[in-house]
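Engineer: Sharing the features that Swiss-Prot gives for it:
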type: ACT_SITE; residues: TYR24; note: active site, proton acceptor
type: ACT_SITE; residues: HIS101; note: active site, proton donor
type: BINDING; residues: ASN75, HIS81, ASP88, LEU102, SER103, ARG112; note: substrate binding site
type: SITE; residues: ARG19; note: site 'Transition state stabilizer'
Amino acid sequence: MSTVITILNGPNLNFLGKREPEVYGTETLEYIEKSCQDYAKKLEFMVQCHQTNCEGQLVEWIQEAIGMSAGLIINPAAYGHTSIAIFDALKMFSGPIVEVHLSNIHRREAFRHHSYVSASADAVIVGCGHEGYLFALEYIAKQLRYGYKKRSNQTLLT
């Protein structure tokens, strides 16, 4: 069986391609998921993709990924700026974690500049559009192949 990488997408990402294409691009979530599946296959991994508009469901999927997935990619969308529950759940995951945002959150409204998720992620990719997911897959694949070591859960949240 192939090694699994879980990809989680948060609220409103089911409307990609329709919602603010000047910010998020014209690619649909289905296109992004298919691109990730195809690229993961080339990297000899398998991906499981999920999307929800509900914070609690994201937490449950993170918990399910513990012990089942080798790596995790999360685009928490707006929950990145507000969810301590997602931050806490991610801290329990022992594999590499990459936070992805399609847009550059640091060039947008001030309330989007901070992400709780970033404090529990090994890497953060912003502003690269749908290709950010592919970069995240590449990063996780390299980490897993070359001896990933979990970083300290100590954070600098203030």
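Each Cβ is built from the backbone N, Cα and C atoms, and glycine gets one as well.
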Engineer: Highest Cβ count within 10 Å among the binding-site residues ASN75, SER103: which residue is it?
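Structural biologist: That would be ASN75, with the most Cβ atoms nearby.
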Engineer: For ARG19 (site 'Transition state stabilizer') and the residue listed as 'active site, proton donor', determine the Cα separation and express it in whole Å.
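Structural biologist: The separation of the Cα atoms works out to 15 Å.
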Engineer: LEU102 (substrate binding site) has how many other Cβ neighbours within 10 Å of its own Cβ?
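Structural biologist: The Cβ of LEU102 (substrate binding site) has 23 Cβ neighbours within 10 Å.
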Engineer: What's the most sparsely packed of the recorded positions ARG19, HIS81, HIS101, counting other C-beta atoms within 10 A?
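Structural biologist: Selected from the recorded positions ARG19, HIS81, HIS101 on minimum Cβ neighbours within 10 Å: ARG19.
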Engineer: By CA distance, which of the binding-site residues (ASN75, HIS81, ASP88) lies nearest to the residue listed as 'active site, proton donor'?
Structural biologist: ASN75
Engineer: Including all protein chains displayed, how many Cβ atoms other than that of ASP88 (substrate binding site) lie within 10 Å of its Cβ?
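Structural biologist: I get 13 for this one.
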Engineer: What three-state secondary structure does DSSP assign to ASN75 (substrate binding site)?
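Structural biologist: Its secondary structure by DSSP: strand.
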